[in-house]
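Q: Once you've had a glance at the structure underneath, I'll fire off some questions.
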Amino acid sequence: MNNHKVCVLIAAAGMGKRMRLSQNKQYLPIHGKPMIRHTIEVFDALEAIDKIILLIRSGEEEMMRNILNTMELQHEVSIVLGGDERQDSIWEGLRYLQDFDGIILTHDGARPFVTEREILSVIEGARSSGACCLMTPMKDTVKISEDGNWAQFTPDRSKLYAIQTPQGFHKEVLIHAYKQAYEEGYYGTDDCSLVEKTGKKIRLIRGSYKNIKITTPEDLIFADAIYSDRMEE
Ligand SMILES: Nc1ccn([C@@H]2O[C@H](COP(=O)(O)OP(=O)(O)OP(=O)(O)O)[C@@H](O)[C@H]2O)c(=O)n1
Ligand SMILES: C[C@](O)(CO)[C@H](O)COP(=O)(O)O
């Protein structure tokens, strides 16, 4: 698998409802540049990446093309329309990649602070294990509740990991998992959960607490701090 090509599917076709804005959060500025541009730049800088596919919302083609036109890209970036849920968007990317064979990375456009080192570790994990993702050990105590009002129980924190993207797969592993998920009507919040359901084990790779997903408004405060910290490194 060492010589196999690597393609990244960047999911940017969400609404960003939890940001409570009238626009898709992908275009919000972080230190003067749209969030999605930061994300694309990290992957574009890597020689280990062969293809970049951007999953976007219908109606946002011009906005995305304008951003790409202002960048000095090393890679050709293809734009593909996403679907209703994140899973549907990734599936559209997989359908677009029918002739591609190799390693597929999936990444959230809303995780602009991923590093080159983390991406390379996921490519290596995908090559050696077939399926992997970045994680960080849980820092908080987690409770299970059916209704959000009353706690049922507290899982053992030493066995809990917060899962991030990129997630990396041999293409056939991911395609098999997606087909099975759609047959079973299963929707997951990440790609690894679909692969787990096929019985395949997922390799967990230690990531960084800085690889946050911009999800709610206060994440922009953390984003500014992480960006400033990076500039000082
Ligand atoms: N139909 C969708 C839904 C989500 N995503 C992408 O998946 C990533 C992770 O999803 P999330 O943070 O939940 O983003 P949104 O769906 O945009 O946010 P919300 O759930 O608050 O609406 C984001 O980069 C988002 O653009 C996507 O490509 N297609
Ligand atoms: C894939 C993911 O980033 C893993 O943490 C996340 O689950 C996607 O975002 P969502 O908020 O769950 O849609």
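Quick reminder: no glycine exception, Cβ is built from N, Cα and C everywhere.
Small disclaimer: the values here were computed from a predicted structure and weren't measured.
These came from TrEMBL, pasted as-is:
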SITE      Arg18  site 'Transition state stabilizer'
SITE      Lys25  site 'Transition state stabilizer'
SITE      Arg157  site 'Positions MEP for the nucleophilic attack'
SITE      Lys213  site 'Positions MEP for the nucleophilic attack'
Q: Looking only at Cβ atoms, how many others are within 10 Å of the one on Arg157 (site 'Positions MEP for the nucleophilic attack')?
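A: That number is 13.
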Q: Just jot down the residues in the same chain as Lys25 (site 'Transition state stabilizer'), at least 6 apart in sequence, with C-beta under 8 A of its C-beta; none if empty.
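A: Spatial neighbours, sequence-distant, of Lys25 (site 'Transition state stabilizer'): Gly14, Gly16, Met19, Met35, Ala110, Ile214.
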Q: Among Arg18, Lys25, Arg157, Lys213, the recorded sites in the record, which have a C-beta under 6 A from ligand 2?
A: Lys213
Q: At the Cα level, what's the spacing in Å between Arg18 (site 'Transition state stabilizer') and Lys213 (site 'Positions MEP for the nucleophilic attack'), rounded?
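A: Rounded to the nearest whole number, the Cα-Cα distance is 12 Å.
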Q: Taking only same-chain residues 6+ apart in sequence, whose CB is under 8 Å from that of Lys213 (site 'Positions MEP for the nucleophilic attack'), what do you get?
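A: When sequence neighbours closer than 6 are ignored, Lys213 (site 'Positions MEP for the nucleophilic attack') has Asp108, Ala110, Arg111, Gln164, Asp219 within Cβ distance under 8 Å.
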Q: Including all protein chains displayed, how many Cβ atoms other than that of Arg18 (site 'Transition state stabilizer') lie within 10 Å of its Cβ?
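A: Neighbour count, Cβ to Cβ under the 10 Å cut-off: 13.
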